[in-house]
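Below is one structure, written out as structure tokens, with a few remarks after it.
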Amino acid sequence: MASGNHSRITEFILLGLSADPHVQALLFVLFLMIYLLTLLGNLLIILVIHTDSNLHTPMYFFLSHLSFQDLFYSSVTVPKLLENLLSQRKAISVEGCLAQVFFVFATTGIEACLLSVMAYDRYAAICHPLLYGQVMSKQLCERLVWGSWVVAFLDALMNILLALNMDFCDVQTIHHYSCELPSLFPLSCSDVSTNSAMLLCSALLHAIGTCLLIFFSYVRIVSAILSIGSTSGRSKAFSTCSSHLTAVSLFYGSAIFRYLMPTSGSPLELILSIQYSVITPLVNPLIYSWKNKEVKAALRRMTIKYLQCLSTEEI
């Protein structure tokens, strides 16, 4: 991994969230609970969607991939955060840090792409209900998901290849709980103008591209909903979008600001990073289960079936 470029130092120190041992112990318990609940919630969503035939539709196909992505997303940063909360020396190798940068960047991009794809799916369902099955074919859904992963990984790869040419000298402290590309720029003793320009272009293209797709999808959706005559019909149509809008607001509201704001090591940066990399993967399953009648019904059916199997085994 271009070890010659990093011969001066071999590791970084992640300052994390607090230097107080008592606070670190409390944070460890808190983030461990969040991580376990994230794993449980997203695995449950994936299991329900794949086992219940009523949920074998494009919307839930995308939701299952979003849940898988959230599992991946959370696992990139939280395990290292938990390790550092228990460690006296919160070190990470340069290679490990760059690997984490790559996967943080990739998973952020995948999340953005999937949310925009889900907005297009809602547009097709509400604005073209009679053609929905033809428009959102299985082949198109699979291509949209794979396209999201390919675009995000290529974008991350371009940024990390440039980052491999960065030289890191005396300063090795990262004022963060994980490695993110903006946090590495102040540590470099080489010119990072090209890296900064690439990061800005990537962030803007991802943000603008996906946001525009979401925006125009919802402009057409709102127009179609307002044209519905009955109040109950409008309410039902809007309810199918409310979960997605909530997830979009939580993710974009923090991720865009984090990648576009100057790096300063401020508490706001930590809060924004925690919001989109830790909290969002936790609450997405809750949002889609609390606000979605079909998912709640499927969960009830799965629970009843599980209880029946238990009672049969006992007999």
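Placement of Cβ uses the backbone N, Cα and C atoms for every residue, glycine included.
What TrEMBL records for 25-48 (among others) is transmembrane segment.
According to TrEMBL, the domain 'G-protein coupled receptors family 1 profile' annotation covers 41-288.
Among the features that TrEMBL reports, transmembrane segment is placed at 98-123 (among others). Packing against the transmembrane segment (98-123) from elsewhere in the chain are residues 1, 58-59, 62-63, 65-66, 69-70, 72-73, 76-77, 80, 92, 136, 144-145, 147-149, 151-153, 155-157, 159-160, 163-164, 178-181, 184, 202, 206-207, 209-211, 213-214, 217-218, 220-221, 240-241, 244, 247-248, 251-252, 255, 259, 276-277, 280: each is 6 or more residues past its ends and has a CB under 8 Å from a CB in it.
Away from its own ends, the transmembrane segment (144-164) comes close to residues 1-2, 5, 61-62, 65, 98, 101-103, 105-110, 112-114, 117, 120, 181, 184, 194-195, 198-199, 202, 205-206 of its chain (Cβ-Cβ under 8 Å, at least six residues beyond either end). The transmembrane segment annotation in TrEMBL covers 144-164 (among others).
Under the heading transmembrane segment, TrEMBL lists 197-219 (among others).
For 240-261 (among others), the entry in TrEMBL reads transmembrane segment.
The feature transmembrane segment is assigned by TrEMBL to 273-290 (among others). Within the chain carrying the transmembrane segment (273-290), a Cβ under 8 angstroms from the stretch's Cβ atoms is held by residues 31, 34, 37-38, 41-42, 44-45, 63, 66-67, 70-71, 73-74, 76-78, 104, 108, 111, 176-178, 180, 243, 246-247, 250-251, 253-255, 258, 296, 299, all 6 or more beyond its ends.
Across the domain 'G-protein coupled receptors family 1 profile' (41-288), the prediction's mean pLDDT works out to 84.
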